[in-house]
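Only one structure is covered here, and it is reproduced in the block below.
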Amino acid sequence: MTQPTRVAITGAAGQIGYQLAFRIASGQMLGPNTPVILQLLEIPPALGALKGVEMELLDCAFPTLAGVVATDKAEEAFADAHYALLVGAKPRGAGMERKDLLLENAKIFSAQGKALNDNADRQVRVLVVGNPANTNALIAYRNAPDLDPARFTAMTRLDHNRALAQLAAKTGKSVNAIRQMTLWGNHSATQYPDISHCTVDGKPAPSLVDETWVRDDFIPTVQQRGAAIIKARGVSSAASAASAAIDHVRDWALGSPADDWVSMAVPSDGSYGITEGIVYSFPVRCKQGRWEIVQGLEISEFSRTRMKATEAELLEERDGVRDLI
Ligand SMILES: NC(=O)c1ccc[n+]([C@@H]2O[C@H](COP(=O)([O-])OP(=O)(O)OC[C@H]3O[C@@H](n4cnc5c(N)ncnc54)[C@H](O)[C@@H]3O)[C@@H](O)[C@H]2O)c1
Ligand SMILES: O=C(O)C[C@H](O)C(=O)O
């Protein structure tokens, strides 16, 4: 009998958590043959709502759900956790940038980094979703000195997926026809969605669309998609964010497609000249539970300028949380 895998979700009674918990419990993240125990964390005022989530999870009678822990104690939620999806944090409202949340949310991630350090499985894989996700992941890993920093990642898969959807619509093809999309940098308005290495049905994407569209339409649309969703819904994206989180962890755990790569924000090892240590989104391939940055891509002047701009923002964010890292 396979031992259940322990998956912690923070902010589990929130918008994203409410989507995520059910999809993970039903086997959509780790597959139909991996039983999971969900370890759900909330703050005390949300424990009533969390109880309701637990009741509904049980009522689904998912064959892959081996147990539920609902708690307001990080040490319980992270106990022996194999995966930790750090979603619990304040979302931005209209007119805000994600980095405006930094000071408010940063302390959550220093405390949770410490709690992961002291309680999680030594091979835990951490995905930070709460914004500003890259710098929160930096804070979390710097507060978990006994864990390998490579176990800490932040989510740019939603931006990657948004970029796929825009390019598919423009070329009139399915997203299934696209390979090698890249999302560089920060999950913020400076992010750089890059089609330079993309193919669509095997043809180089830059030969199918004009440069003006890429510069004036594609890049700003992807950069501003989160704000557009907030404007339309009144609250930030939730179902698409949960879906991207599932994609991120599934590919990390089970492997990215053999003929493609995905985008993940990971601690930089200096690849492509990006400052070591900051959590920066790169093209990665995942195999046997590990991610590896895709090496050797040719970088144009146009790309280099944008990659540097988003790096500069992450360095600024890092400077703003010096006392926590
Ligand atoms: N990286 C991405 O692509 C991406 C996409 C969408 C949203 N987000 C971010 O994800 C976060 C959550 O968004 P949401 O829409 O689910 O928000 P939400 O307000 O609906 O839910 C957040 C939940 O977190 C809980 N919480 C707050 N502090 C906590 C703590 N210390 N420990 C545990 N739980 C805590 C709250 O009680 C709430 O239930 C926001 O920061 C949002 O900006 C990121
Ligand atoms: O835009 C936001 O604040 C929410 C999220 O980060 C998103 O990209 O949808």
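We number each residue from 1, going along the chain as drawn.
Glycine too: its Cβ is placed from the backbone N, Cα and C atoms.
The feature domain 'Lactate/malate dehydrogenase N-terminal' is assigned by TrEMBL to 5-145. Across the domain 'Lactate/malate dehydrogenase N-terminal' (5-145), mean pLDDT in this model comes to 96.
Gly17 (NAD(+) binding site) falls within a helical segment according to DSSP. Annotation for Gly17 (NAD(+) binding site): spatial neighbours Ile9, Thr10, Gly11, Leu40, Val53, Val87, Gly88, criterion Cβ-Cβ under 8 Å with sequence separation of six or more. Feature annotation from TrEMBL assigns NAD(+) binding site to Gly11, Ala12, Ala13, Gly14, Gln15, Ile16, Gly17, Asn105, Gln112, Val129, Gly130, Asn131.
The substrate binding site annotation in TrEMBL covers Arg92, Arg98, Asn131, Arg162. Its own atom aside, the Cβ of Arg92 (substrate binding site) has 17 Cβ atoms within 10 angstroms in the protein chains shown.
Here TrEMBL flags 156-318 as domain 'Lactate/malate dehydrogenase C-terminal'.
Annotation comment: TrEMBL describes His187 as active site, proton acceptor. According to DSSP, His187 (active site, proton acceptor) is assigned to coil rather than to any helix or strand. Long-range Cβ proximity for His187 (active site, proton acceptor), meaning a same-chain Cβ under 8 A and a gap of 6 or more residues, is found for Arg98, Asn131, Pro132, Ala133, Asn134, Ala154, Met155, Thr156, Leu158, Asp159, Ala265, Ser281.
Looking at Gly130 (NAD(+) binding site) and Arg92 (substrate binding site), their Cα atoms lie 10 Å from each other. Here the CA atom of Arg162 (substrate binding site) lies 29 Å from the CA atom of Gln112 (NAD(+) binding site). Cα separation, Gln15 (NAD(+) binding site) to Arg92 (substrate binding site), rounded: 13 Å. Across Gly11, Ala12, Ala13, Gly14, Gln15, Ile16, Gly17, Asn105, Gln112, Val129, Gly130, Asn131, which the record gives as binding NAD(+), the greatest C-alpha separation is 20 Å. Counting every protein chain shown, 27 other Cβ atoms lie within 10 Å of the Cβ of Gly130 (NAD(+) binding site). Taking Cβ-Cβ distances under 8 Å and a sequence gap of 6 or more within the same chain, the neighbours of Arg162 (substrate binding site) are Pro193, Val222, Arg225, Ser240.
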